[in-house]
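Asker: So that we are looking at the same thing, I have put the structure below in structure tokens.
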Amino acid sequence: MREEEKKQSSQKMRNILKKRWVFPAIYLASAAILISGIIWYQASDDEVKDEYGYDESANKENFDNPAVEVNKAMENIVMPMKNPDAAVIKKEFYDHKASKEKQEAALVVYNNTYQPNTGIDLASKDGKSFEVTAALSGKVTNVQEDSFLGNVIEIEHRDGVVTVYQSVKDLKVEKGDTVTQGQVIAKAGQSLFNEEAGIHVHFEIRKDDKPINPQSYFNKPVSSLSELPKEEKEKEESKTEDKAQEQKPSDNQDTSDIQQPSDEETTPSKDEQTKETPSNDQDKSDEESPKEQPKQNTQG
């Protein structure tokens, strides 16, 4: 009996499978189950994101717009070479406050003329060429091939700060390039302007187009340069006040000299008054003279 039941059930299954609609129905049912499972998984994932406050768009914006300006503001000015320990300063910055000996040592002699050094001349201890790097992150604003100065690279930074690299060769950057701090931009070379320095790089820092001493600002933040113009303005104001105080007495003297002629023109002088009095005496003498003449005639 059991074998007959098994045969009947298997025969029924075969008959069902022979029908055309069976396999499409199976496929549709399995597809519906699969799609519903995917939808359920995505819904549960979104609920987890909402629960923990995850915002994909905000995170993407943070990665797409890094705080570059903040990083630049926090940079410290570094020496423009890979190995600062191997650096030798061939010629220092000309400082007006320095002693006469240091000022003379900071003069560049060319064609029997003396020029104050507006930067520092860095060389390697072994006298060989070395890689010149950007002292700060910024944008290259000028690349000039110049045999006299030994090629020039200028990089603009924030708050009116510009770094200048002269006497370089094998230029690695072009105008308009954006460079990062420590990036190799050239190699140290030579220049006709300062042949005495040999293979070196002439490095300058300018703030609002005014050269400043790089040695005073190495390993200091760029923001320290923004305090420089205020100090200079205070010095200039004090100088102008001193000059104004010195000029005040001379101004008073000049005004008094100018006023004196006007007073002389408006008020008569003593000589003019004395001239007027004799004229009155003469009138009196003229009046008295006729009286004396009759007396003389009567005596005659």
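A Cβ is built for glycine as well, from the same backbone N, Cα and C atoms used for every other residue.
In case it helps, TrEMBL gives these features for our protein:
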TRANSMEM  21-41  transmembrane segment
DOMAIN    116-214  domain 'M23ase beta-sheet core'
REGION    210-300  region 'Disordered'
COMPBIAS  213-222  compositional bias 'Polar residues'
COMPBIAS  228-251  compositional bias 'Basic and acidic residues'
COMPBIAS  252-261  compositional bias 'Polar residues'
COMPBIAS  281-294  compositional bias 'Basic and acidic residues'
Asker: Can you break down the domain 'M23ase beta-sheet core' (116-214) into helix, strand and coil residue counts using DSSP?
Answerer: 4 helix, 48 strand, 47 coil
Asker: Averaging the per-residue pLDDT over the domain 'M23ase beta-sheet core' (116-214), what integer do you get?
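Answerer: When the pLDDT values over the domain 'M23ase beta-sheet core' (116-214) are averaged, the result is 96.
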